[in-house]
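So that you can see what the record holds, here are the features copied from TrEMBL:
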- 30-425: domain 'Amino acid transporter transmembrane' (DOMAIN)
- 33-52: transmembrane segment (TRANSMEM)
- 59-80: transmembrane segment (TRANSMEM)
- 109-132: transmembrane segment (TRANSMEM)
- 153-170: transmembrane segment (TRANSMEM)
- 176-197: transmembrane segment (TRANSMEM)
- 263-285: transmembrane segment (TRANSMEM)
- 305-327: transmembrane segment (TRANSMEM)
- 348-368: transmembrane segment (TRANSMEM)
- 374-395: transmembrane segment (TRANSMEM)
- 407-431: transmembrane segment (TRANSMEM)
Amino acid sequence: MTQLEMAEQSGKDANQKAIDDWLPITSSRNAKWWYAAFHNVTAMVGAGVLSLPYAMSELGWGPGSVIMILSWIITLYTLWQMVEMHEMVPGKRFDRYHELGQHAFGEKLGLWIVVPQQLTVEIGVNIVYMVTGGKSLKKFHETVCPSCSQIKTSYFIVIFASIHFVLSHLPNFNSISGVSLAAAVMSLSYSTIAWVASLEKGVQPNVDYSYKASSTSDGVFHFLSGLGEVAFAFAGHNVVLEIQATIPSTPEKPSKGPMWKGVILAYLVVAVCYFPVAMIGYWVFGNAVEDNILISLEKPAWLIATANMFVVVHVVGSYQIYAMPVFDMIETLLVKRLKFKPCFRLRFITRSLYVAFTMLVGIAVPFFGGLLGFFGGLAFAPTTYFLPCTMWLAICKPRRFSLSWIINWICIVFGVLLMVLSPIGGMRTLILSAKNYQFFS
């Protein structure tokens, strides 16, 4: 290589490093293991936890308990796989989900398999969180001031979105760590309020645990929708590689050590949040439970108002955690492919447009339960339950019929069934909700 070629290569490398230092995922690599813990809690314990008693009412005691426990075990296993695969190639880090997909399935196929699903999850979550944030603000307003005049849900969604028009301009994962920590604490707090207040209320008179469907077909659709709601609740995998990318790594101390420590702590918090809310909420209200447990709990008013405010703070953090990889994809495309200059103005325009888009869709379709069931099945099941297993089989190639091979195929079958079946129930809920719904109500 001539000196001129070497100089050109050096210039390209410097330019590439400057771009990587600007992009949200790769710009900061000084996170500690506890950052990974609360980022994972914020990503995982979302608004989905509040719909778990409702999911239990659709699934029933036996199937509901089994699916909850199976989901917890399978998603912890697939999360471990992703943490392990982050630095599977010596000297290289797969900082983004689609980069790992490209390594497993090839440059083009990997992109086409992972990116549409990951974007569906992240944009879907952001839309659902717009709805959740707006509805929780509305519930807070109604609880604190029952005599006040009613305000449309869409106005509350706009108020919630206005927070994100400011927060979305924080440059990277580490810069939102304070927001994420507050969100993780809030998720533990409102989950505890949900099950403690349910316990305090006591089992309702005439509580009914039978399936609430009026016909067999209704029962099947409810069951499928419940599957999607459980899948939605276990969704942190879509941002796990991006979170791990913020942790420093050396050959002696790879990032998987601190990351796994953070994941274990996060999953213990997930268990403490999910199982009591799901089981106690269903035990107290039976099939009369609402699709958001806090709506079923009317009193004490101050406690329900507090819980709803906690939900708002939590979904503020969760929205940012899921939006950051989307910002990274958009900015990578604009800067690397379309050769835009990395600058604040580019970031300001793209991120503001994204927040506006999720706000408008959230205002147009605020069907909380149906959205959970539909998105939960369609995109969460693949990226959470079986894509990591498929990548593991493609990259590690375990021996056929070995324990690793069998476990991965069981997870893949379970995930494929979730993906195929649960959107059917969610879509039906959306169609039924749409019958008597006016846009921008």
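Glycine is no exception: its Cβ is also placed from the backbone N, Cα and C atoms.
Comparing 33-52, 59-80, 109-132, 153-170, 348-368 for CB pairs under 8 angstroms to the transmembrane segment (263-285), the maximum falls on 33-52. Two recorded stretches are said to be in contact when at least 3 C-beta pairs lie under 8 angstroms, sequence spacing 6 or more; the transmembrane segment (305-327) and the transmembrane segment (109-132) meet this definition. The stretches the transmembrane segment (407-431) and the transmembrane segment (33-52) do not meet in space: the count of Cβ pairs below 8 angstroms, excluding pairs fewer than 6 apart in sequence, stays at fewer than three. Note on the transmembrane segment (374-395): residues 48, 74-75, 78-79, 81-82, 85, 88, 97, 100-101, 103-105, 113-114, 117-118, 120-121, 124-125, 128, 224, 227-238, 404-405, 408-409, 411-412, 414-416, 418-427, 429-430 of its chain, located 6 or more positions outside it, place their CB under 8 angstroms from a CB of the stretch.
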